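Listed features, source Swiss-Prot:
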type     : residues                       : note
BINDING  : Gln101, Arg234, Gly324, Arg325 : FMN binding site
ACT_SITE : Tyr187                         : active site, proton donor
Amino acid sequence: MSSEKLYSPLKVGAITAANRIFMAPLTRLRSIEPGDIPTPLMAEYYRQRASAGLIISEATQISAQAKGYAGAPGIHSPEQIAAWKKITAGVHAENGHMAVQLWHTGRISHASLQPGGQAPVAPSALSAGTRTSLRDENGQAIRVETSMPRALELEEIPGIVNDFRQAIANAREAGFDLVELHSAHGYLLHQFLSPSSNHRTDQYGGSVENRARLVLEVVDAGIEEWGADRIGIRVSPIGTFQNTDNGPNEEADALYLIEQLGKRGIAYLHMSEPDWAGGEPYTDAFREKVRARFHGPIIGAGAYTVEKAETLIGKGLIDAVAFGRDWIANPDLVARLQRKAELNPQRAESFYGGGAEGYTDYPTL
């Protein structure tokens, strides 16, 4: 297949992306604290990358409780919304499109980041056994062990759904084109999906129908708030991410969730594949089962090359590819790939925290 398909437009819910090379959500931890407020530097960073068919923002808190990393932005205060408005305006001025990725980090958090220094919340009081990021006195990211969470009470769960709903309303106000619900990588929605992190015995635990209940309630709240054509979702239903696996029936459970999402006609399904984290790549047989259940746009992300993306788009198994670190180092990634130009080297030491260095200073062609 010619690579022209990668550079052809794609209807994604309410928008039409100019190409199929999307910018994956990338946590960079450069927001202002206190307040978790996006900065003018972040506006410049995203504006530089507006040639992506769709920019998916870094993961963004739906509430103060949802915070898990020092320096990650929120979208639950007037100051945050006002700052995001400037960011989306800059992307739109360059004819780009932008979704905001909404998350609640759940147990991947630290008590020092939580309101009142409380324990983070989770489906069950089970440690994530992983690390998160705080800031040192110089504002640099430092890695620390996550705190032991407490289990959400049943009566608290509608409040989580409502926090997502309000964040979706705020995203609309802030000028985003779409939202992406973060239901992957071991964060709260994924914690409910996973039988290893969800030991509940009420209607949110046990069967796959119960474990998927929260994420589907959040999706339905988003559809009610803004319409199915504005709601995307990211899932990582195969493999293990941050010590959160998908249980012994991961494929069947994945297909149940994807079928339910497909029935709702949402804007897109973003599949975070396990091979970027050392897992096995998806088989075409599994991809075909996903496609049979979800007829809207499917975005692939993971250990992708241009060749892999072209092949899978050609087979009709995905519709777009989301690159991550390549976008960090190459603000003009689409032009570079189209011209087969050399890519800038990545500077991993500046991925998280800091200022303009390693953020807005990568050269273009």
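Yeah, the Cβs are placed from backbone N, Cα and C, and that goes for glycine too.
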Position of peak Cβ density within 10 Å, selected from the binding-site residues Arg234, Arg325: Arg234
Distance, Arg234 (FMN binding site) to Tyr187 (active site, proton donor) (CA atoms, angstrom): 11
Extent of the FMN binding site in Å [max Cα distance among Gln101, Arg234, Gly324, Arg325]: 17
DSSP three-state assignment (helix, strand or coil) for Arg234 (FMN binding site): strand
